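Heads up: the structure comes next, in C-alpha coordinates.
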Amino acid sequence: MFFMDISGQRMLVIGWGKTGVASARFLISRGARVVVADEKNLSLENDVLSKLGEDHGQSVELADYGISALAQVDAVVPSPGVPPFHPVLKEAVKRCIPVISELELACRYLQTPMIAITGTNGKTTTTSLIGEILSGSGRKVFVGGNIGTPLVEYVTGPQTADCAVVEISSFQLQWVDQFHAFVSILLNTTCDHVNYHGSFEAYRAVKERIFNNQGKQDVAILNADEPDSAVLAESLSSPVFFFSTTKMVERGLYQEKDRLICLDGEGKQEFYPLSMIRLPGAHNVENVMAAILASRACGCSPENVINAISGFSGIAHRIEFTREIGGVKFYDDSKGTNVGAVKRAIETFSDPIILLMGGRDKDGDFETLSALLQDRVKALVIFGEARERIQERIGGIVPTVLTPSLKEAIAAARRQACAGDVVLLSPGCASFDEFADYKARGRFFKEEVRAFA
(Lines of atoms letter the chains of each structure in order from A and count residues from 1; the text may use other names and numbers.)
(Lines give C-alpha, C1' and ligand atoms only; values in the text may rest on other atoms or scores of the structure.)
Protein backbone atom coordinates (compact mmCIF):
# COMPACT_ATOMS: atom_id res chain seq x y z
CA MET A 1 0.00 0.00 0.00
CA PHE A 2 1.38 3.42 -1.01
CA PHE A 3 -0.53 5.87 1.19
CA MET A 4 -1.68 9.10 -0.44
CA ASP A 5 -2.53 12.10 1.74
CA ILE A 6 -5.43 13.91 0.08
CA SER A 7 -6.67 15.93 3.04
CA GLY A 8 -7.33 19.48 1.88
CA GLN A 9 -6.58 18.61 -1.74
CA ARG A 10 -8.91 19.87 -4.46
CA MET A 11 -9.93 16.75 -6.43
CA LEU A 12 -11.87 16.78 -9.69
CA VAL A 13 -14.18 13.79 -10.23
CA ILE A 14 -15.23 13.38 -13.87
CA GLY A 15 -18.41 11.37 -14.40
CA TRP A 16 -21.28 10.99 -11.96
CA GLY A 17 -22.18 7.31 -12.30
CA LYS A 18 -21.72 4.61 -9.68
CA THR A 19 -17.93 4.86 -9.71
CA GLY A 20 -17.88 8.66 -9.68
CA VAL A 21 -20.24 8.79 -6.71
CA ALA A 22 -18.21 6.18 -4.80
CA SER A 23 -14.98 8.05 -5.55
CA ALA A 24 -16.43 11.37 -4.37
CA ARG A 25 -17.73 9.79 -1.18
CA PHE A 26 -14.31 8.32 -0.42
CA LEU A 27 -12.46 11.56 -1.18
CA ILE A 28 -14.73 13.59 1.07
CA SER A 29 -14.34 11.02 3.86
CA ARG A 30 -10.58 11.60 3.64
CA GLY A 31 -10.91 15.36 3.90
CA ALA A 32 -10.52 16.26 0.24
CA ARG A 33 -12.40 19.11 -1.42
CA VAL A 34 -14.40 17.57 -4.24
CA VAL A 35 -15.32 19.15 -7.57
CA VAL A 36 -17.65 17.22 -9.89
CA ALA A 37 -17.99 17.52 -13.67
CA ASP A 38 -20.41 15.44 -15.71
CA GLU A 39 -21.63 15.58 -19.31
CA LYS A 40 -25.17 15.74 -17.93
CA ASN A 41 -25.97 19.06 -16.32
CA LEU A 42 -25.99 18.47 -12.57
CA SER A 43 -27.28 20.87 -9.95
CA LEU A 44 -26.42 21.19 -6.29
CA GLU A 45 -29.98 20.05 -5.60
CA ASN A 46 -29.03 16.61 -6.94
CA ASP A 47 -30.04 14.18 -4.17
CA VAL A 48 -26.72 12.34 -4.07
CA LEU A 49 -24.66 15.52 -4.23
CA SER A 50 -26.59 17.25 -1.48
CA LYS A 51 -26.51 14.16 0.77
CA LEU A 52 -22.75 13.83 0.36
CA GLY A 53 -22.33 17.38 1.57
CA GLU A 54 -24.73 16.91 4.48
CA ASP A 55 -23.10 13.66 5.63
CA HIS A 56 -19.64 15.19 5.83
CA GLY A 57 -20.41 18.83 6.56
CA GLN A 58 -18.71 19.91 3.38
CA SER A 59 -20.23 21.13 0.14
CA VAL A 60 -19.44 19.58 -3.23
CA GLU A 61 -18.60 22.00 -6.03
CA LEU A 62 -19.80 21.70 -9.61
CA ALA A 63 -17.68 22.49 -12.65
CA ASP A 64 -18.30 22.74 -16.36
CA TYR A 65 -17.61 19.60 -18.36
CA GLY A 66 -14.59 21.12 -20.03
CA ILE A 67 -11.02 22.30 -19.58
CA SER A 68 -12.10 25.10 -17.26
CA ALA A 69 -12.87 22.40 -14.66
CA LEU A 70 -9.12 22.03 -14.10
CA ALA A 71 -8.79 25.44 -12.44
CA GLN A 72 -6.85 25.08 -9.14
CA VAL A 73 -7.26 21.28 -9.18
CA ASP A 74 -4.64 19.07 -7.47
CA ALA A 75 -5.65 15.79 -9.15
CA VAL A 76 -8.27 14.30 -11.48
CA VAL A 77 -10.24 11.09 -10.85
CA PRO A 78 -12.01 10.06 -14.08
CA SER A 79 -14.78 7.48 -14.17
CA PRO A 80 -13.87 4.36 -16.20
CA GLY A 81 -15.97 5.35 -19.20
CA VAL A 82 -14.12 8.64 -19.76
CA PRO A 83 -11.65 7.91 -22.60
CA PRO A 84 -7.97 8.88 -22.31
CA PHE A 85 -8.30 11.26 -25.26
CA HIS A 86 -10.99 13.31 -23.49
CA PRO A 87 -9.95 17.00 -23.71
CA VAL A 88 -9.92 17.46 -19.92
CA LEU A 89 -7.64 14.45 -19.40
CA LYS A 90 -5.32 15.45 -22.23
CA GLU A 91 -5.06 18.95 -20.79
CA ALA A 92 -4.47 17.58 -17.28
CA VAL A 93 -1.56 15.49 -18.55
CA LYS A 94 -0.21 18.51 -20.42
CA ARG A 95 -0.31 20.56 -17.20
CA CYS A 96 1.24 17.70 -15.18
CA ILE A 97 -1.89 17.39 -13.03
CA PRO A 98 -2.03 13.80 -11.72
CA VAL A 99 -4.77 11.63 -13.26
CA ILE A 100 -5.72 8.81 -10.88
CA SER A 101 -8.21 6.07 -11.68
CA GLU A 102 -10.71 4.92 -9.07
CA LEU A 103 -8.78 1.64 -8.95
CA GLU A 104 -5.47 3.39 -8.29
CA LEU A 105 -7.08 5.60 -5.66
CA ALA A 106 -8.53 2.58 -3.86
CA CYS A 107 -5.24 0.67 -4.01
CA ARG A 108 -3.42 3.51 -2.28
CA TYR A 109 -5.55 2.77 0.81
CA LEU A 110 -6.31 -0.95 0.40
CA GLN A 111 -5.27 -3.03 3.42
CA THR A 112 -6.74 -6.33 2.17
CA PRO A 113 -4.81 -8.76 -0.09
CA MET A 114 -6.21 -8.52 -3.62
CA ILE A 115 -6.81 -11.04 -6.38
CA ALA A 116 -7.17 -9.08 -9.63
CA ILE A 117 -8.81 -10.51 -12.75
CA THR A 118 -8.83 -9.00 -16.22
CA GLY A 119 -9.25 -10.19 -19.80
CA THR A 120 -11.47 -9.44 -22.76
CA ASN A 121 -13.90 -12.22 -21.85
CA GLY A 122 -14.58 -14.37 -18.80
CA LYS A 123 -13.78 -11.79 -16.12
CA THR A 124 -17.11 -11.85 -14.32
CA THR A 125 -17.47 -15.63 -14.32
CA THR A 126 -13.92 -16.11 -13.05
CA THR A 127 -14.22 -13.38 -10.42
CA SER A 128 -17.52 -14.73 -9.13
CA LEU A 129 -16.23 -18.31 -9.04
CA ILE A 130 -13.10 -17.36 -7.10
CA GLY A 131 -15.34 -15.57 -4.61
CA GLU A 132 -17.49 -18.71 -4.25
CA ILE A 133 -14.46 -20.95 -3.71
CA LEU A 134 -12.92 -18.67 -1.08
CA SER A 135 -16.25 -18.20 0.71
CA GLY A 136 -16.79 -21.96 0.72
CA SER A 137 -13.33 -22.32 2.27
CA GLY A 138 -14.33 -20.15 5.21
CA ARG A 139 -12.78 -16.87 4.05
CA LYS A 140 -14.52 -13.53 4.39
CA VAL A 141 -14.43 -12.14 0.86
CA PHE A 142 -15.13 -8.85 -0.89
CA VAL A 143 -16.13 -9.41 -4.54
CA GLY A 144 -16.47 -6.33 -6.72
CA GLY A 145 -14.63 -3.84 -8.87
CA ASN A 146 -15.92 -3.70 -12.42
CA ILE A 147 -18.89 -5.76 -11.24
CA GLY A 148 -21.07 -4.80 -8.31
CA THR A 149 -19.38 -2.62 -5.72
CA PRO A 150 -16.45 -0.37 -6.75
CA LEU A 151 -13.25 -1.14 -4.85
CA VAL A 152 -13.09 2.46 -3.63
CA GLU A 153 -16.42 1.90 -1.86
CA TYR A 154 -14.90 -1.05 0.00
CA VAL A 155 -11.89 0.97 1.19
CA THR A 156 -14.23 3.73 2.42
CA GLY A 157 -15.40 1.27 5.08
CA PRO A 158 -13.60 -0.83 7.72
CA GLN A 159 -12.04 -3.34 5.22
CA THR A 160 -12.98 -6.46 7.16
CA ALA A 161 -12.52 -9.04 4.37
CA ASP A 162 -9.70 -11.59 4.32
CA CYS A 163 -9.36 -11.16 0.57
CA ALA A 164 -10.62 -8.76 -2.12
CA VAL A 165 -11.51 -10.47 -5.42
CA VAL A 166 -11.64 -7.68 -7.97
CA GLU A 167 -12.74 -7.70 -11.61
CA ILE A 168 -10.79 -5.06 -13.51
CA SER A 169 -11.48 -3.59 -16.94
CA SER A 170 -8.99 -2.01 -19.31
CA PHE A 171 -10.66 1.34 -18.56
CA GLN A 172 -9.72 1.00 -14.89
CA LEU A 173 -6.12 0.06 -15.71
CA GLN A 174 -5.67 3.10 -17.95
CA TRP A 175 -4.51 5.38 -15.12
CA VAL A 176 -2.62 3.20 -12.62
CA ASP A 177 0.82 3.62 -11.08
CA GLN A 178 1.15 2.04 -7.62
CA PHE A 179 -1.54 -0.59 -8.27
CA HIS A 180 -0.56 -4.02 -6.93
CA ALA A 181 -2.31 -7.37 -6.51
CA PHE A 182 -0.80 -10.43 -4.87
CA VAL A 183 -2.54 -12.61 -7.48
CA SER A 184 -3.05 -11.17 -10.97
CA ILE A 185 -4.88 -13.02 -13.76
CA LEU A 186 -4.95 -12.19 -17.47
CA LEU A 187 -7.50 -14.53 -19.05
CA ASN A 188 -7.25 -13.52 -22.72
CA THR A 189 -7.03 -10.53 -25.04
CA THR A 190 -9.02 -10.24 -28.23
CA CYS A 191 -9.93 -7.13 -30.18
CA ASP A 192 -12.21 -4.88 -28.09
CA HIS A 193 -12.56 -1.24 -27.03
CA VAL A 194 -10.33 -0.07 -29.89
CA ASN A 195 -12.50 3.05 -30.10
CA TYR A 196 -11.44 3.81 -26.50
CA HIS A 197 -7.75 2.84 -26.53
CA GLY A 198 -6.90 3.71 -30.13
CA SER A 199 -5.47 0.35 -31.20
CA PHE A 200 -5.45 -3.31 -30.22
CA GLU A 201 -1.78 -3.02 -29.25
CA ALA A 202 -2.57 -0.17 -26.85
CA TYR A 203 -5.50 -2.13 -25.43
CA ARG A 204 -3.34 -5.20 -24.80
CA ALA A 205 -0.57 -3.12 -23.21
CA VAL A 206 -3.08 -1.61 -20.78
CA LYS A 207 -4.41 -5.07 -19.89
CA GLU A 208 -0.89 -6.20 -19.02
CA ARG A 209 -0.68 -3.50 -16.33
CA ILE A 210 -2.54 -5.97 -14.12
CA PHE A 211 0.95 -7.32 -13.30
CA ASN A 212 2.35 -3.92 -12.25
CA ASN A 213 4.53 -3.89 -9.14
CA GLN A 214 4.39 -7.64 -8.57
CA GLY A 215 7.40 -9.36 -7.03
CA LYS A 216 8.64 -12.82 -6.12
CA GLN A 217 6.11 -13.13 -3.31
CA ASP A 218 3.19 -12.66 -5.72
CA VAL A 219 1.54 -14.87 -8.36
CA ALA A 220 0.83 -14.21 -12.04
CA ILE A 221 -1.65 -16.43 -13.89
CA LEU A 222 -1.61 -16.57 -17.70
CA ASN A 223 -3.41 -18.43 -20.48
CA ALA A 224 -0.77 -20.56 -22.21
CA ASP A 225 -2.99 -20.81 -25.29
CA GLU A 226 -2.85 -17.04 -25.88
CA PRO A 227 -0.34 -15.69 -28.43
CA ASP A 228 2.79 -14.18 -26.85
CA SER A 229 1.94 -15.44 -23.35
CA ALA A 230 5.43 -16.96 -23.03
CA VAL A 231 7.01 -13.65 -24.03
CA LEU A 232 4.90 -11.81 -21.46
CA ALA A 233 5.82 -14.35 -18.77
CA GLU A 234 9.53 -13.72 -19.39
CA SER A 235 9.02 -10.02 -18.66
CA LEU A 236 7.31 -10.54 -15.28
CA SER A 237 8.99 -10.41 -11.87
CA SER A 238 6.48 -12.73 -10.19
CA PRO A 239 6.23 -16.54 -10.46
CA VAL A 240 3.98 -17.44 -13.40
CA PHE A 241 1.38 -20.22 -13.42
CA PHE A 242 -0.11 -21.16 -16.78
CA PHE A 243 -3.40 -22.81 -17.70
CA SER A 244 -4.16 -24.54 -20.99
CA THR A 245 -6.89 -26.62 -22.62
CA THR A 246 -4.60 -27.74 -25.46
CA LYS A 247 -1.16 -28.63 -24.05
CA MET A 248 0.76 -29.64 -20.98
CA VAL A 249 2.30 -26.91 -18.81
CA GLU A 250 5.22 -27.32 -16.41
CA ARG A 251 3.69 -25.18 -13.68
CA GLY A 252 -0.05 -24.60 -13.55
CA LEU A 253 -3.10 -26.44 -14.82
CA TYR A 254 -3.90 -28.22 -18.07
CA GLN A 255 -6.66 -30.37 -19.52
CA GLU A 256 -6.09 -34.04 -20.29
CA LYS A 257 -9.17 -35.86 -21.59
CA ASP A 258 -11.76 -35.88 -18.78
CA ARG A 259 -9.66 -34.27 -16.06
CA LEU A 260 -7.58 -31.24 -15.16
CA ILE A 261 -4.04 -31.79 -13.91
CA CYS A 262 -2.40 -29.26 -11.62
CA LEU A 263 1.40 -29.13 -11.35
CA ASP A 264 3.23 -26.98 -8.82
CA GLY A 265 6.55 -27.08 -10.68
CA GLU A 266 8.15 -29.17 -7.94
CA GLY A 267 6.69 -32.58 -8.75
CA LYS A 268 3.41 -32.38 -6.84
CA GLN A 269 0.22 -33.20 -8.78
CA GLU A 270 -3.49 -32.64 -8.14
CA PHE A 271 -6.39 -33.88 -10.24
CA TYR A 272 -9.79 -32.29 -10.85
CA PRO A 273 -12.61 -34.02 -12.79
CA LEU A 274 -14.05 -32.14 -15.76
CA SER A 275 -17.45 -33.48 -14.71
CA MET A 276 -17.48 -30.99 -11.81
CA ILE A 277 -17.94 -28.10 -14.29
CA ARG A 278 -21.59 -27.23 -14.93
CA LEU A 279 -20.89 -24.26 -17.18
CA PRO A 280 -21.22 -24.75 -20.96
CA GLY A 281 -18.39 -24.21 -23.42
CA ALA A 282 -14.64 -24.78 -23.64
CA HIS A 283 -14.03 -21.15 -22.67
CA ASN A 284 -15.55 -21.85 -19.26
CA VAL A 285 -13.00 -24.63 -18.71
CA GLU A 286 -10.38 -21.88 -19.05
CA ASN A 287 -12.24 -19.69 -16.56
CA VAL A 288 -12.46 -22.56 -14.08
CA MET A 289 -8.76 -23.34 -14.42
CA ALA A 290 -7.82 -19.72 -13.70
CA ALA A 291 -10.10 -19.76 -10.65
CA ILE A 292 -8.53 -22.99 -9.37
CA LEU A 293 -5.01 -21.58 -9.65
CA ALA A 294 -5.98 -18.38 -7.83
CA SER A 295 -7.76 -20.31 -5.08
CA ARG A 296 -4.83 -22.68 -4.62
CA ALA A 297 -2.53 -19.65 -4.30
CA CYS A 298 -4.73 -18.65 -1.35
CA GLY A 299 -4.37 -22.06 0.27
CA CYS A 300 -7.81 -23.51 -0.53
CA SER A 301 -7.96 -27.31 -0.45
CA PRO A 302 -8.82 -29.35 -3.57
CA GLU A 303 -11.94 -30.61 -1.79
CA ASN A 304 -13.26 -27.10 -1.18
CA VAL A 305 -12.38 -26.09 -4.73
CA ILE A 306 -14.27 -29.04 -6.24
CA ASN A 307 -17.30 -28.49 -4.00
CA ALA A 308 -17.59 -24.83 -4.97
CA ILE A 309 -17.15 -25.46 -8.69
CA SER A 310 -19.70 -28.29 -8.63
CA GLY A 311 -22.29 -25.94 -7.15
CA PHE A 312 -21.59 -23.01 -9.49
CA SER A 313 -24.14 -22.71 -12.30
CA GLY A 314 -22.92 -19.49 -13.89
CA ILE A 315 -23.75 -15.80 -14.22
CA ALA A 316 -26.78 -14.08 -15.72
CA HIS A 317 -26.47 -13.01 -19.38
CA ARG A 318 -23.45 -15.28 -20.04
CA ILE A 319 -24.75 -18.00 -22.38
CA GLU A 320 -27.66 -18.31 -19.95
CA PHE A 321 -30.39 -20.78 -20.85
CA THR A 322 -33.69 -18.90 -20.93
CA ARG A 323 -36.39 -21.27 -22.14
CA GLU A 324 -37.26 -24.09 -24.53
CA ILE A 325 -40.33 -23.51 -26.69
CA GLY A 326 -41.46 -26.04 -29.28
CA GLY A 327 -38.07 -27.75 -29.24
CA VAL A 328 -36.21 -24.44 -29.76
CA LYS A 329 -33.77 -23.45 -27.01
CA PHE A 330 -33.23 -19.74 -26.31
CA TYR A 331 -29.97 -18.47 -24.76
CA ASP A 332 -29.12 -15.02 -23.41
CA ASP A 333 -25.50 -14.01 -23.98
CA SER A 334 -26.11 -10.26 -23.80
CA LYS A 335 -22.74 -9.90 -22.04
CA GLY A 336 -21.13 -10.95 -25.33
CA THR A 337 -20.30 -7.39 -26.38
CA ASN A 338 -17.27 -8.18 -28.56
CA VAL A 339 -16.47 -10.51 -31.43
CA GLY A 340 -14.32 -12.80 -29.27
CA ALA A 341 -17.27 -13.43 -26.96
CA VAL A 342 -19.54 -14.21 -29.92
CA LYS A 343 -16.99 -16.73 -31.19
CA ARG A 344 -16.88 -18.49 -27.82
CA ALA A 345 -20.66 -18.55 -27.58
CA ILE A 346 -21.08 -20.07 -31.06
CA GLU A 347 -18.47 -22.74 -30.29
CA THR A 348 -20.47 -23.80 -27.24
CA PHE A 349 -23.26 -25.37 -29.33
CA SER A 350 -23.41 -28.29 -31.74
CA ASP A 351 -27.05 -27.67 -32.75
CA PRO A 352 -27.97 -25.24 -35.58
CA ILE A 353 -27.89 -21.63 -34.36
CA ILE A 354 -30.08 -18.65 -35.15
CA LEU A 355 -27.68 -15.88 -34.12
CA LEU A 356 -28.84 -12.42 -33.02
CA MET A 357 -26.13 -9.76 -33.38
CA GLY A 358 -26.20 -5.98 -33.17
CA GLY A 359 -26.38 -2.89 -31.02
CA ARG A 360 -23.80 -0.10 -30.92
CA ASP A 361 -20.63 -0.94 -32.81
CA LYS A 362 -17.25 -0.98 -31.02
CA ASP A 363 -15.18 -1.32 -34.20
CA GLY A 364 -15.54 -5.09 -34.03
CA ASP A 365 -13.64 -7.30 -36.46
CA PHE A 366 -16.75 -9.15 -37.60
CA GLU A 367 -15.02 -10.82 -40.57
CA THR A 368 -13.22 -13.19 -38.18
CA LEU A 369 -16.58 -14.90 -37.58
CA SER A 370 -17.01 -15.92 -41.24
CA ALA A 371 -15.82 -19.53 -40.98
CA LEU A 372 -17.81 -20.16 -37.81
CA LEU A 373 -20.95 -18.75 -39.39
CA GLN A 374 -20.58 -21.15 -42.29
CA ASP A 375 -20.01 -24.14 -40.01
CA ARG A 376 -22.38 -23.51 -37.11
CA VAL A 377 -24.96 -20.82 -37.87
CA LYS A 378 -28.23 -21.52 -39.69
CA ALA A 379 -29.37 -17.89 -39.94
CA LEU A 380 -28.17 -14.45 -38.83
CA VAL A 381 -30.51 -11.76 -37.52
CA ILE A 382 -28.89 -8.32 -37.27
CA PHE A 383 -30.38 -5.40 -35.31
CA GLY A 384 -29.65 -1.92 -34.00
CA GLU A 385 -27.21 0.80 -35.00
CA ALA A 386 -24.53 -1.63 -36.15
CA ARG A 387 -26.76 -3.65 -38.47
CA GLU A 388 -25.55 -2.11 -41.73
CA ARG A 389 -21.86 -2.46 -40.86
CA ILE A 390 -22.35 -6.07 -39.76
CA GLN A 391 -24.30 -6.72 -42.96
CA GLU A 392 -21.41 -5.31 -45.02
CA ARG A 393 -18.87 -7.52 -43.25
CA ILE A 394 -20.64 -10.87 -42.84
CA GLY A 395 -24.19 -10.58 -44.17
CA GLY A 396 -25.05 -13.17 -46.80
CA ILE A 397 -22.64 -15.86 -45.58
CA VAL A 398 -25.80 -17.47 -44.20
CA PRO A 399 -29.43 -16.34 -44.64
CA THR A 400 -29.53 -12.88 -43.07
CA VAL A 401 -32.35 -10.67 -41.77
CA LEU A 402 -31.92 -6.98 -40.81
CA THR A 403 -34.20 -5.38 -38.22
CA PRO A 404 -34.13 -1.95 -36.52
CA SER A 405 -34.61 -3.20 -32.96
CA LEU A 406 -33.95 -6.18 -30.73
CA LYS A 407 -37.68 -6.74 -30.30
CA GLU A 408 -38.11 -7.23 -34.04
CA ALA A 409 -34.96 -9.36 -34.17
CA ILE A 410 -36.34 -11.75 -31.55
CA ALA A 411 -39.58 -12.11 -33.49
CA ALA A 412 -37.65 -12.74 -36.72
CA ALA A 413 -35.47 -15.36 -35.04
CA ARG A 414 -38.51 -17.19 -33.76
CA ARG A 415 -39.95 -17.33 -37.27
CA GLN A 416 -36.67 -18.78 -38.59
CA ALA A 417 -36.24 -21.41 -35.87
CA CYS A 418 -37.35 -25.04 -35.97
CA ALA A 419 -37.31 -27.78 -33.33
CA GLY A 420 -33.70 -28.67 -32.52
CA ASP A 421 -32.38 -25.16 -33.19
CA VAL A 422 -30.74 -22.76 -30.75
CA VAL A 423 -31.68 -19.06 -30.74
CA LEU A 424 -28.64 -17.26 -29.36
CA LEU A 425 -28.48 -13.58 -28.43
CA SER A 426 -24.75 -12.83 -28.58
CA PRO A 427 -24.66 -9.26 -29.89
CA GLY A 428 -20.95 -8.58 -30.37
CA CYS A 429 -21.78 -4.91 -29.73
CA ALA A 430 -22.55 -2.54 -26.89
CA SER A 431 -26.17 -2.08 -25.81
CA PHE A 432 -26.39 1.70 -25.58
CA ASP A 433 -28.35 2.31 -28.77
CA GLU A 434 -31.46 0.81 -27.13
CA PHE A 435 -30.67 -0.06 -23.51
CA ALA A 436 -28.95 1.31 -20.41
CA ASP A 437 -26.55 -1.65 -20.31
CA TYR A 438 -26.12 -5.27 -21.32
CA LYS A 439 -28.15 -6.41 -18.31
CA ALA A 440 -31.20 -4.43 -19.41
CA ARG A 441 -30.81 -5.87 -22.91
CA GLY A 442 -30.61 -9.40 -21.53
CA ARG A 443 -33.64 -8.91 -19.31
CA PHE A 444 -35.62 -7.60 -22.30
CA PHE A 445 -34.63 -10.66 -24.36
CA LYS A 446 -35.77 -13.02 -21.61
CA GLU A 447 -39.05 -11.18 -21.12
CA GLU A 448 -39.81 -11.34 -24.84
CA VAL A 449 -38.99 -15.05 -25.03
CA ARG A 450 -41.06 -15.90 -21.98
CA ALA A 451 -43.98 -14.01 -23.48
CA PHE A 452 -44.00 -16.50 -26.38
CA ALA A 453 -45.17 -19.34 -24.16
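Counting begins at 1 with the first residue displayed.
Yeah, the Cβs are placed from backbone N, Cα and C, and that goes for glycine too.
The following features are taken from Swiss-Prot:
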type	residues	note
BINDING	Gly119, Thr120, Asn121, Gly122, Lys123, Thr124, Thr125	ATP binding site
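Considering other CB atoms within 10 Å as the measure, the emptiest surroundings among the binding-site residues Thr120, Asn121, Thr124, Thr125 are those of Thr124. Listed in sequence order, Leu187, Asn188, His283, Asn284, Glu286, Asn287, Ala290 are the same-chain residues at least 6 apart in sequence whose CB falls under 8 Å from the CB of Gly122 (ATP binding site). Take the CB of Lys123 (ATP binding site) and look out to 10 A: across all protein chains shown you find 24 other CB atoms.
Listed in chain order, the residues near the ATP site other than Gly119, Thr120, Asn121, Gly122, Lys123, Thr124, Thr125 are Ile117, Thr126, Leu187, Asn188, Asn287, each with its Cβ within 8 Å of the site Cβ centroid. Long-range neighbours of Gly119 (ATP binding site) (same chain, six or more residues apart, CB within less than 8 Å of its CB): Thr126, Ile185, Leu186, Leu187, Asn188, Thr189, Lys207, Asn223.
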